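Everything below concerns the one structure shown next.
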């Protein structure tokens, strides 16, 4: 019941969010319409700034917007002024509010003494020859730009308003976020709403009728799987089990409870290997086992385990506290030459006693002994340091 109430609250919150979305859509619609009207007003004002604003052009643009039911186009100035005022008022009433200001600015009469001329008289160099033909003049008279702009269809953004959703169809509608997750959950199950006594009785029934409640039939298998498992796997398959060498250098099974992946034969049921049918084993040896024991560093006293073990590396490290102290570098022998430990006089006597009898008077030329195992030492030249 608590979950149903939470689900209902989530749905109500979803409807409230939808209402807020509709209000935002209306605000966007209004802002788009306002921006379109401002852009049209700016375009019309820019066009008027580009064209010369003379009394003749302003009067001609307004005379074209006059109704064609007039009998004379070239009337007196006073009559034309009155007609222009009426036309301007009617045009202001019919145009949208974005263009009313521009039409009012054009509808104001300007004082001029000469009669207004048509646009054809401004373009043609000889207007006097065509004044007598009223028919072609009316056909050639261009329409005003304001009338053309008003007839153009403006792009408008429309949003389809969704109707109120009844509560019955809430479950069938796609929700957003947590509402979609809550809607996908099946909370109307009859089993979950049962009391605890129902489940206790069900458990007692299953315990008393255990044989009837548990299915003892083998699982059905596809015919293709039966054929493949009976023919190909048993004949050509060889079970391979994986082992790993531990620190005591004994092979340990990697997965002792896992049977063979193909024939599903456990490791315990596999018979001993023979020469005719040997058992195949895959053994993996870690690199830490293959390292020699002298490369193992002595552990710190807190982290070193001093308990007895059969592992070779740890057994070699048990005597880390009784290692002999390291000798200093100054006392260590620099080479393995035996002549270095004998004095110079003893060397001279040894060489003179073993000299040859054929040349007793000849002086003995002693060659410096060449050390066989020593590293030749080259004297470094002494360079005096300069005082700064």
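Cβ coordinates come from backbone N, Cα and C, glycine included.
Residues or ranges marked as region 'Disordered' in Swiss-Prot: 32-79 (among others).
Under the heading compositional bias 'Low complexity', Swiss-Prot lists 37-65.
Under the heading region 'Disordered', Swiss-Prot lists 94-159 (among others).
Residues annotated as compositional bias 'Polar residues' in Swiss-Prot: 138-152 (among others).
As annotated by Swiss-Prot, phosphothreonine applies to 141, with the evidence given as a large-scale study or a structure entry.
Look at Swiss-Prot and you will find 239-282 tagged as region 'Interaction with IGFBP2'. Summarised as a single figure, the pLDDT of the region 'Interaction with IGFBP2' (239-282) averages 81.
The phosphoserine annotation in Swiss-Prot covers 303.
Taken from Swiss-Prot, the feature compositional bias 'Polar residues' applies to 344-357 (among others).
Among the features that Swiss-Prot reports, region 'Disordered' is placed at 344-388 (among others).
Across the region 'Interaction with IGFBP2' (239-282), DSSP helix (H, G, I), strand (E, B) and coil residues number 0 helix, 12 strand, 32 coil.
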